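Participant: Quick paste of what TrEMBL says about this protein:
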TRANSMEM  22-42  transmembrane segment
DOMAIN    33-274  domain 'G-protein coupled receptors family 1 profile'
TRANSMEM  49-68  transmembrane segment
TRANSMEM  102-128  transmembrane segment
TRANSMEM  140-161  transmembrane segment
TRANSMEM  167-192  transmembrane segment
TRANSMEM  213-235  transmembrane segment
TRANSMEM  255-276  transmembrane segment
Amino acid sequence: ENISDLSLNITDCTQVVVPEEVFFTIAAAGILENLLVLLAVVRNKNLHLPMYFFICSLAVSDMLGSLYKTLENIFIILCKMGYLTRRGDFEKKLDDAMDSMFILSLLGSIFSLLAIAADRYITIFYALRYHNIMTLRRALFILAIIWTFCAGSSIAIALFSHEVATVIPFTILFPLMMFFILCLYVHMFLLARSHAKKIASLPTSTAHQRTNMKGAITLTVFLGVFLCCWAPFVLHILLARFCPHNPYCACYMSVFHVNGTLIMCNAIINPMIFAFRSPELRNTFKKMFHCAR
């Protein structure tokens, strides 16, 4: 609300508003897709592996983000109908709870993606030692640390969101994590290409090259989608903090709803990249649909 008023006062850019029906549709699709991934992993014991547990963690984060947007839209509709007010004590507590859920979704997604990136790094370059390095117990311990940290941070940020000491680390966290993931994937891509050149003279070079090329394409698609969906929102947070009175910054902030829509679309795209490309998951989905019929 403050951003909207600021944008109208110091810039001629029109506030871009996404219809609530679009948010509901995208949120429902994101919840159903990620819930399907969770059910598939739970039902198939062959999928009880660290990699799929990290994918489930990402699915939970995406579901929280979609659920947050659904609850927020319901809250706005109830306010317009007069059942709730924007300035009441109950409404403020409800708004803080929803903000905490949103921050939890953001932090959970970032750290889950980082865990997936690290898991894939170990899978590619330490394949023979992978099961010793990334055990199931160690993966669950990592997830417990991630969600404990994210839950505590989301509550603290929601309660002290107006403090500079809270906002600045929160805004800096995203570009740092994105930069770290970017470096990790670039490093993996360069090493994979180097390994492909070294084994080019071997009899099985064709199979190895296809495997490396498939992995490189997957990593490139993942990184591109991740940056396209998250970078606009991260830029919005930085501009809102460091140049809120600049007309150009305010003009960019007028498309906040579009940036939020991109994040929600990421909840739909993530299962397709991480989960639906897995033959084991696809077979599980087929069995689930066959039983449903």
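Heads up, the Cβ atoms here are built off N, Cα and C, so glycines get one too.
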Participant: Determine which recorded stretch among 22-42, 49-68, 102-128, 140-161 has the most C-beta pairs below 8 angstroms with the transmembrane segment (255-276).
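Facilitator: Answer, by Cβ pair count: 22-42.
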Participant: Over the domain 'G-protein coupled receptors family 1 profile' (33-274), what does the predicted model average in pLDDT?
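Facilitator: Residues in the domain 'G-protein coupled receptors family 1 profile' (33-274) carry a mean pLDDT of 78 in this prediction.
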